[in-house]
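Visitor: One structure follows; several queries about it will come next.
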Amino acid sequence: MQNKFSLPTQDEIVKRLKKIPEGLWRECSNCHEKFYYRRAGVYEVCPNCGYGARLGSRKRIKLLCDEFEEWDKAMATDPTNIDDEKYKKKLATGIKTTHVNESVLTGKAKIGNNEFAIGVMDSRFIMGSLGQVTGSKIARMFQEATRQHLPVIMFTASGGARMQDGIHSLMQMARVSDEVARHSAEGLLYIAVITDPTTGGVTASYAMQADIIISEPKTLIGFAGRRVIEQTINQKPPKDFQQAETLLKNGFLDDIVERPNLKEYLNNLLNLHSDK
C-alpha cells in the first residue's frame, strides 16, 4: 500500500507559516511565557503570572465605566509651535496609535449609581509623559470635579516629565498638586490607580497624593530608573525593587487589585464614601 503522507519541504513550510495570522501567540513582558492570545481574555492578563498588559486609555475606560463623557477633547499640543521635527513625529505617531490627542483622557464617568471624574493616562502616547497639555487636562479635571463636587479616580501610567516641553513640563507637577489640594480641601475623595509603568514626576506628585492608592499586580513604580540608581549607588537593587508588591509590603500602597476585579472594587469604595 502506497504511503499517501509525505513530509513537507522547507519551502512548503515557509509558505504555510506565512498563511498563519500574526498575533495568535503572545509573550508576557513580565514572565516571558508564550500563550495563545485568547487566554489573556478581554482584560489582557497573562494566564501564567497575572501581569496585565498595558492598555490604551479608551479600552480601559470601556472595561471600567458604564457611562463616560469626555472632557477637553479638543485640547492638544499645537505642532505649529514646535521646531523639533522628531517631537512632531512622536506626537503624530501617538495620536495615530492611541486615537487620543494627548497622553491623558479625562471626563465624567459612572459605575452603577456612582458618578465621578476620571483621568486615564496612556503609556503608548510618548510613554505617557507629563507634558504641558497633559498637566492642563488633569488640572482642569480636578477643577471641574471640585466644582461639581465629584470624587476623582486617576489611572497613572507614565515615564515621567516630557523632556521636549522643558520647564513647562516640570511646572505641571506643582500645578496638578495644587488642584489636588483644593479638591481635598472640599472633603472630596481621590483614588489613584497606579498602572505599569508609573515613574518620574508623576510618581513624585499626584500619583502618591491620593486618599487611597492602589495598584495592579507587578506594576513598576518608582522615580529614577533602575540603571540610573545602579550607577549612582554602585550597587544592584534587588529583583523586587520598584515593584508594586514591595511597595505594598512597605506601606506605600493601600492595596493591589487584579484588573478583572477593579470595577467592583472601585464601585465599593465609591459606595463607602458616598454622601448620598
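Here the Cβ of each residue, glycine as well, is placed from N, Cα and C on the backbone.
Feature list, courtesy of Swiss-Prot:
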BINDING   CYS28, CYS31, CYS46, CYS49  Zn(2+) binding site
DOMAIN    24-276  domain 'CoA carboxyltransferase N-terminal'
ZN_FING   28-49  zinc finger
Visitor: Far apart in sequence but close in space: which same-chain residues, 6 or more away, have a Cβ under 8 Å from CYS46 (Zn(2+) binding site)?
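Guide: Listed in sequence order: CYS28, ASN30, CYS31, GLU33, PHE35, ALA40, GLY52, ALA53.
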Visitor: Give the residue counts of the zinc finger (28-49) per reduced DSSP state, in the order helix, strand, coil.
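Guide: Split into helix, strand and coil, the zinc finger (28-49) gives 4 helix, 4 strand, 14 coil.
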Visitor: Starting from the Cβ centroid of CYS28, CYS31, CYS46, CYS49, which together make up the recorded Zn(2+) site, report each further residue of the same chain whose Cβ lies within 8 Å of that point, ordered by sequence.
Guide: SER29, ASN30, HIS32, GLU33, PRO47, ASN48, GLY50, TYR51
Visitor: Over the zinc finger (28-49), work out the mean pLDDT and round it to an integer.
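Guide: A mean pLDDT of 94 is what the predicted model shows over the zinc finger (28-49).
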Visitor: Counting only residues 6+ apart in the same chain, whose Cβ is under 8 Å from the Cβ of CYS49 (Zn(2+) binding site)?
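Guide: The answer is CYS28, ASN30, CYS31, GLU33, LYS218.
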Visitor: Specify the count of other C-beta atoms within 10 Å of the C-beta of CYS31 (Zn(2+) binding site).
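Guide: So the Cβ neighbour count for CYS31 (Zn(2+) binding site) comes to 13.
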Visitor: When you measure from the Cβ of CYS28 (Zn(2+) binding site), how many other Cβ atoms are you left with inside 10 Å?
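Guide: That number is 19.
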